[in-house]
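Peer 1: First the structure, then my questions, so here it is.
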Amino acid sequence: MSTTVETARSSVIVAIDGPSGTGKSSTSKAVAAKLGLSYLDTGAQYRAITWWMLTNGVDVGNPEEIATAAAKPVIVSGTDPAAPTITVDGEDASGPIRTQEVTSKVSAVSAVPEVRTLITALQRSIAAAATGGIVVEGRDIGTTVLPDADLKIFLTASPEARAARRSGEVKGSDLSATREALIKRDAADSGRKTSPLAKADDAVEVDTTELTLQQVIECVVTLVEGKRVAA
């Protein structure tokens, strides 16, 4: 009987949303690893389909062309938080999807409804298959992808803090330019008609501006453990 209870408690689904530079990926991976949960970076999937389109000559400025090509690539995400993977048509895409070119085009591609429908279905299938529980990070997880998640968390931070973190991740990047790029991405993601970046009404908001990564991780772990106990 106790084993069944433990399984029920461990199979929690956690949705972590928020804009770039708030610590979503680092926090989500660390929390999943610490609690023995699977991990899914949904942003990587949108980057992957964007990279595929750029590589295959799709005009990413043309929504109709994007919609027509959306179902062609086969995207597979590995959910081990210690070593998450992503492949496109069997090819490792973990490096190529992080280029500046992909970063500058991903919002346009991900705003196309046909793309979001396909990727959302993929994300839901991965979450459903994670019988031991999963941490899913993105921009519309709590509102659109997994509205029935056991716990929804929305990470925020000031534009300055986010830009500083992003600049630290990318060698030679300009802080001011990074800040402007983040603000532009926020506007694009929040303003799109299909599944915009938004905080779910029942999400717990965590402002990470003045917190260290470890403090954010500890905060989220506490929230997840509290949800498990209440389950």
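Heads up, the Cβ atoms here are built off N, Cα and C, so glycines get one too.
Residues annotated as ATP binding site in Swiss-Prot, with sequence analysis given as evidence: Gly18, Pro19, Ser20, Gly21, Thr22, Gly23, Lys24, Ser25, Ser26.
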Peer 1: Would you count the other C-beta atoms found within 10 angstroms of the C-beta of Ser20 (ATP binding site) for me?
Peer 2: 21
Peer 1: Counting only residues 6+ apart in the same chain, whose Cβ is under 8 Å from the Cβ of Lys24 (ATP binding site)?
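Peer 2: Set apart from Lys24 (ATP binding site) by at least 6 residues yet with Cβ under 8 Å, we have Ile16, Asp17, Gly18, Glu137, Gly138, Leu155.
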Peer 1: If you take the centroid of the Cβ atoms of Gly18, Pro19, Ser20, Gly21, Thr22, Gly23, Lys24, Ser25, Ser26, the listed ATP site, which other residues of that chain have their Cβ within 8 Å of it?
Peer 2: Thr27, Leu155, Ala157, Arg162, Arg165, Thr208
Peer 1: Here the binding-site residues are Thr22, Ser26; which one has the lowest number of other Cβ atoms no more than 10 Å from its Cβ?
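Peer 2: Each of the binding-site residues Thr22, Ser26 was scored by Cβ atoms within 10 Å; lowest is Ser26.
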Peer 1: For Gly18 (ATP binding site), what is the tally of other C-beta atoms lying within 10 angstroms of its C-beta?
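Peer 2: For Gly18 (ATP binding site), the count of other Cβ atoms within 10 Å is 25.
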